[in-house]
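Input: a single structure, listed below in structure tokens.
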Amino acid sequence: MEWSTRSNAAESSMESSKIRGLVAATVTPMKENGEINLSVIGKYVDYLLNVQGVRIVFVNGTTAEGLSLTTEERKQLAEEWVKQAVGKLDQVIVHVGSLCLKEAQELAAHAAEIKAGAISVVAPSFLKPPNKDALISFLREVAAAAPSVPFYYYHIPKLTGITTIRMEDLLVGIKSKIPTFQGVKFSDTDLLDFGQCVHKYESEKFTFLYGVDEQLLGALAMGAHGAIGSTYNYIGKTTNDMLAAFKSKDFEKARKIQCLMQEFFSYVISHGFMVGETKAIMSVASNIPMGPPRLPLQETSNEYLTQIIVLMKSLGLL
Ligand SMILES: CC(=O)N[C@H](C=O)[C@@H](O)[C@H](O)[C@H](O)CO
Ligand SMILES: CC(=O)C(=O)O
């Protein structure tokens, strides 16, 4: 499909489907033998909605080990999430980034076919784009494979190693190059770049979703429209309380909640916090078996998990 086939209807549906509030960066449930486990995704959706009050999911991203899955697995997961979300969640965002342009395009076209609410793309990180124009060219080619699906760039410089392209610069004239461009999933601590994006592009009505859970309140102060993160899987409810306090201008309360959650973050970040830990915590919190992560990631030890759980309970986070 070409850009020209996009209609005004697509434009207005993009307007009405704007992302606000919390988005859970889902884990990919796996069986003990390492195969993906589609059978628990229905329960997972119910848990997010009913227990955490989270209505939007981000599928096949970092926490979901998206780049460690086969293209076929990614398609099956996207399909199952979209199917289970119908009538329950507000939106399913499918991450379609890949080191391989053709694979990313195939996944983008598939996301459009299954009617995902949005797609997101991370920069290719092995043979990296040498500059911002090269990155835009790559993103444009992927977005064009899903010409009526809202597109979010996924900025996570610590993991991609692409640390010299600032979002404030990337966004200059981006709508003219990528007509479906809708916003950025901003997973970096640089609140100068973030604040300038929100401020400079206000009239464009882009959506800026913050991705460093431990300091979301700082990003809210800089104008974040919402947040995508791994911890909204199991402390979505507490984070929603913080968002409500911020919205009602009770900044003292919002700060108390953020600082309480930071006690958890400070502990796990200094002791090791990767997908293995996220899957284990989520299994305990939801009582849904999320299984181990796929190699090269490692499963967390029982001893460490026990310590995390004790801490979370003492903070009232479990
Ligand atoms: C690197 C990474 O996985 N970042 C996640 C999403 O962007 C976050 O949700 C973190 O897990 C969270 O902020 C804890 O550091
Ligand atoms: C953490 C995040 O946003 C992701 O899993 O992609």
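Yeah, the Cβs are placed from backbone N, Cα and C, and that goes for glycine too.
Going by TrEMBL, these are the annotated features:
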| type | residues | note |
| --- | --- | --- |
| ACT_SITE | Tyr154 | active site, proton donor/acceptor |
| ACT_SITE | Lys185 | active site, schiff-base intermediate with substrate |
| BINDING | Thr63, Ile228 | pyruvate binding site |
Long-range Cβ environment of Tyr154 (active site, proton donor/acceptor), under 8 Å and at least 6 residues apart: Gly61, His95, Gly97, Ser120, Val121, Val122, Ala123, Val184, Lys185, Ser187
Among Thr63, Tyr154, Ile228, the recorded positions whose C-beta sits under 6 Å from ligand 2: Thr63, Ile228
